[in-house]
Amino acid sequence: MTLSRRNVLAGASALAASTALPMAARANDPLGVGFVLIGPVGDFGWSTMHDVGRRRMEEVLGDAVTTTQVEAVAPPDFDRVVTTLARAGTRLIFTTSFSYFQPTLRMAEQFPDVMFENATGTATRDNLAIYNARFYEGRYIQGVIAALKSQTKQIGYVAAFPVPEVIHAINTVMRGAWSVDPEMRIRVVWANAWFNPGVEADAARALIDQGCDVLCQHTDSPAPLQLAEERGIHGFGQASDMTRFAPNAHLTSSINNWGDYYAARAQAMIDGTWAPADTWGGLDSGMFQLAPFTNLDPEQASHAERVVAGLRDGSIDPFAGPIVNQAGEEVIAEGESLDDDAIRSMNYFYQGIDVSMPG
Amino acid sequence: MRLTLDRRDGAGMAGLFLSPLLAVALTLASSIVVFWLLGQDPWRALNVYFLMPVSDFWGVQEVAVKATPLVLIAVGLALCFRSNNWNIGAEGQFLIGAICGGGIAVWTQGWGGPWVLPLMLVAGMAGGALYALIPAVLKTRLRVNEILVSLMLVYVAELLLDWLVRGPWRDPFGFNMPQTITFAPEATLPLLFDGGRMNLGTVITLVVVVVATVVMARTLKGFEIKLVGEAPRAARFAGFDDKKLTLTVFAVSGALAGLAGVMEAAGTVRQLLPGFSPGYGFTAIIVAFLGRLNPVGCLIAGVFIAITFIGGENAQIILRLPRDMTLVFQGMLLFYILACDTLILYRPRLVPRRAPA
Amino acid sequence: MTLAEAIFLTVITASTPLLLAAIGELVVERSGVLNLGVEGMMIMGAASGVAVAIVTGSSVLGVVAAIGAGMAMAALFALLTLGLATNQVAAGLSLTIFGLGLSGVVGAPFVGMQRAGIAKIEVPFLSELPLIGPILFRQDPFVYGSVALVAGVAWFLWRTKAGLVLRACGENPVSAHALGYPVLRIRFAAVLFGGACAGLAGAYLSLVLTPFWTAGMTAGRGWIALAIVVFASWLPWRAMLGAYLFGGLIILQLHAQTAGVRVPSQLLAALPYLLTIVALTVIMALRRGGGQVAPQALGRPFVPDR
């Protein structure tokens, strides 16, 4: 028996045809949409918000879709989960983590009739689209507001892992903060977890004890924001509107809002207009939203609103040159701006950020 | 009334057969109730859980893919547990095996040959064995408890993997995401059949099961392991060196866990990335005990556990049950099996209260 | 509050759930039972605690429910390992799987709900003292409770006859049985106590430390509690030392990060685990030859002959 790719593909499609479960074939059947989640749906962060998006899509499209969701799928299980989804008649599969990007490429090749969408992926193919939101725009606004609120001129950042998404977010927070006050500084703690409330809280305590009086968080739980409330400082919510967790500390939240995107993509499948795309939606796309500003005085609020407007109309570009890295090298010159791939793969801190690059 | 257990005279053959049958019957009965309560069609649910995973050749291969690391680790752990060595850190040894083997795949990228894969397997085994020897040496030299050391080293291994894939071994063309390159063909285990993921690792695991069975049943070493576990004093009188044995079983179980790790990296995942293991090293502890610390038992138990994991995924996909429900169901299954195991050794009886002690 | 005071405070709060779970498991293991299901019992405590607290509006009822949930899980474990003499390691691990799943089911309706944490107790005047004031006299009830538990367990195990009998069950159940002690009933009580402590530790997480529910929020603390029992050589006060040492190392590595130490964060994060190994090794090396070992009958099922 040979092991050529052609045979593997032939085998896979033969299997798909022979399976006991019917493939969704007829046109008026509801569209089967699958979601593969990296965490448990109850993480109250990244995976919860994808679940919220899925339910929003069901709401919008009603009987036209049926959805399936598999939680906490580890990399070795990914291929099997996707194959089972495909065999159960799922035609559109959202894989919601970068950890799934390589395996999604592989499965997209194996199932040419199934359309895939990978969140935070970096390349497309015939039946693979990628999508993400420009969360860094929210980070820029957080930086601006933090600089307006801070007395100690120190921002604390509870970070999960040093991935480009987090690194460019830290850089952007400081870009925003420096636009108000060039003396702003930042301290970062890596929690080495996307959600571990206890450690997030301890990290927040450490940052506050070191003199930070505005907390940004790049982890899922409301623990850092609650700590900010308890200690009488300020903070931002992550993934959903966390105002209720910290009525006196909350400034704004970045809300992940995938529902409209999911609904639009599923509708495109139904209409037969689905095409692979690289969607990286900013504030204007609605893929992420800001919770209403709280605990800002009118002057601070209007400053923040001006920044929001500037980001929306493009007059503020968080990645405009000149950008100088920690080593003092100019990454991009004045008058130019980083392209999307450079933002996506960012692995350096800007000059003036006194944080060492882990790993 | 209260429950008492009477020891059976000898291993009752009736119990040996009755136990699994009763476990199955109880499981079926209570799953029907549970699924019915959840508003599911019980027969359909049972079908999804237990039959769908093995309903075709692709499914059988997937069970093999899932069971292979569990069985391989469990066989090694069984040797440890039999001789009263509490290696709880197989997960760490698994990761170190993947790191050592995967490191060779990363290092030889672009200039490797057919020698890469054997080298990876050897490196994975060596890495796992050396990592397992840390708790073993501390135990034999300084009587440091191996449960603590082996467990703590799991977290260290996870963090080491995390650092490697974010730093030195990061894929240079991977947008700086935390992962290595996808391994080259000469660094991946060959698949056995078209249209499935079963690879050479399953064959290697079966060979290990056979070898371990022979060693345990027919060799002096096997006798020594059993004797040290069951009658340590007698073993000492017989002149067996229990410290040397501790080192041996830790090294062997570490090597097998490491082999499982490198085969998972080279066979199934084909790259290293954080969250690479869904906790195989911990699950394998259950597999080892369900298999009654016997290699063939581990094989059967590993396949069974693999089916329940895949059944849980299927339940999420077909029945739209949340994952937590599948975990509850899996826990319940394990309870039944453990409880029914008792029947092999004991005869339970309900006796009136205040029975003479 | 000075930085040192703040760090001590944080260390104590971070260590308390570990200590609570560890002191319970210590008693369980002293009676000869190895329950590896601490994580499962703890997370059931966390989920039930927050669920009941939100539904009833009472944190006290939440804590009671958490203790009850931990005990119910422990009773399940006891039914298997004591009633049916099944393998304790496998039963404990199965209990963890079961608890992780069931807690998700229990907690699902409460994801994203908010509840005010339990307030700290401030002792008047004394809490104003420098350094020791905030650390000793401005804590939440759980912290005081955990210290009281340690003292109580130490007193019980070494100063009471019942404690002696419990330890005898862990060292030599056959002799204890021959002397007429109900080994299984004593072990059952110990296992229930362990479950109650684990449930309480869970409640501390979901009602005090981070007052809300998310899936898997115990994040492996049950496993660390097990390691602390071993580190403590099954001695209560040493368990307190172990819990504070481990919690302290975690907090110090976070502070090292905020201070911008130029070391990979993964290495800093690994230090608590590595240093715990080193500490135990040093302890064992210093007391070469002697030293406390595990209860002799730990992990072995006991079935009374009649």
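Glycine residues also receive a Cβ, built from the backbone N, Cα and C atoms like all the rest.
Feature annotations, courtesy of TrEMBL:
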TRANSMEM  B:12-38  transmembrane segment
TRANSMEM  B:58-80  transmembrane segment
TRANSMEM  B:92-109  transmembrane segment
TRANSMEM  B:115-134  transmembrane segment
TRANSMEM  B:146-165  transmembrane segment
TRANSMEM  B:198-217  transmembrane segment
TRANSMEM  B:245-266  transmembrane segment
TRANSMEM  B:272-291  transmembrane segment
TRANSMEM  B:298-319  transmembrane segment
TRANSMEM  B:325-346  transmembrane segment
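Sequence-distant neighbours of the transmembrane segment (B:92-109) (same chain, 6+ residues past either end, Cβ-Cβ under 8 Å): 69, 73, 116, 119-121, 123-132, 150, 153-158, 160-161, 164, 169, 180-181, 183-184, 187, 253-254, 257-262, 264-266, 271-272, 276-277, 280-281. Through the fold, the transmembrane segment (B:198-217) approaches residues 61, 64-65, 68, 71-72, 75, 78-79, 189-192, 225-226, 256, 259-260, 263-264, 267-268, 294-296, 298-299 of its own chain, all at least 6 residues removed from its boundaries and within a Cβ separation under 8 Å. If one looks beyond the transmembrane segment (B:245-266) by at least 6 residues along the same chain, the residues whose Cβ comes under 8 Å of a Cβ in the stretch are 68-69, 72-73, 75-77, 79-80, 83, 85, 87, 90-91, 93-102, 105, 117, 120-121, 123-133, 135-137, 139-140, 146, 183, 187-189, 199-201, 204-205, 208, 221, 224-225, 228, 272, 276-277, 280-281, 284.
Counting Cβ pairs closer than 8 Å to the transmembrane segment (B:146-165), the top stretch among B:58-80, B:115-134, B:272-291, B:298-319, B:325-346 is B:272-291.
Remote same-chain residues near the transmembrane segment (B:115-134) are listed as 87, 89, 92-94, 96-105, 108, 149-150, 153, 157, 184, 186-189, 247, 250-259, 261-263, 265-266 (criterion: CB distance under 8 Å, separation of at least six residues from the stretch ends). If one looks beyond the transmembrane segment (B:325-346) by at least 6 residues along the same chain, the residues whose Cβ comes under 8 Å of a Cβ in the stretch are 5-8, 11-12, 15-16, 18-20, 22-23, 26-27, 30-31, 34, 38, 49, 286, 290, 292, 308-309, 311-313, 315-316.
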